[in-house]
């Protein structure tokens, strides 16, 4: 299997309360982005890693992550866009044309496990479109504009979707191009594929695969790493 990984690291993460990009904040002395890269760097099927960063942070990322730590795979830095979706598009279109599968991962998810990624890659090879996810634990409510409950979906059908999200290369590029043509912005990459009429397989992930969004998440992530 010939796989390219696209790590999206161009966001600022305003909710963290820091001016620095959250992927450069440290967990156990190393940047969040280091751990995200490391998980993909250890997988034989992955032939290259494309990291999408903001224009202003390209040099910083190169010096403080890519060069500072030892990675086996070639790592290419690509400039991000004004929205996450545009950043992903820049990343996937800068992968090698001979790759079969693209795994798209949030740089702010440092706790993804190598074995979980491999499971997703195997499923993507069979189904063309896959996302990691976990069953929701809380009861979910749909509310109106004034926060009054409209209805309660059956929890057994609800999953919280994570990354990586893994796709056949031609399919995900086609899905992004269609979204660009239509002026459509989605909250993740699976919704773009769904718009083309394809079914996306959800592969059970891990509750520890959290996205670093608030300062408390750094504390939780460090606790998981120590286990």
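For all residues, glycine too, the Cβ spot is worked out from N, Cα and C.
Note that TrEMBL annotation is computational and uncurated.
According to TrEMBL, the feature site 'Transition state stabilizer' maps to 15 (among others).
Residues annotated as site 'Transition state stabilizer' in TrEMBL: 22 (among others). Here the Cβ of residue 22 (site 'Transition state stabilizer') has 26 other Cβ atoms within 10 Å, regardless of which shown protein chain they belong to.
Summarising the annotation, TrEMBL assigns site 'Positions MEP for the nucleophilic attack' to 155 (among others). Neighbour density for residue 155 (site 'Positions MEP for the nucleophilic attack'): within 10 A of its CB lie 13 other CB atoms from the protein chains shown.
The Cβ of residue 211 (site 'Positions MEP for the nucleophilic attack') has 17 other Cβ atoms within 10 Å, all protein chains considered. According to DSSP, residue 211 (site 'Positions MEP for the nucleophilic attack') is assigned to coil rather than to any helix or strand. Feature annotation from TrEMBL assigns site 'Positions MEP for the nucleophilic attack' to 211 (among others).
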Key: Alpha-carbon distance [residue 22 (site 'Transition state stabilizer'); residue 211 (site 'Positions MEP for the nucleophilic attack')] in Å   = 10
Remark   = Cα-Cα, residue 22 (site 'Transition state stabilizer') versus residue 155 (site 'Positions MEP for the nucleophilic attack'), nearest Å, comes out at 31
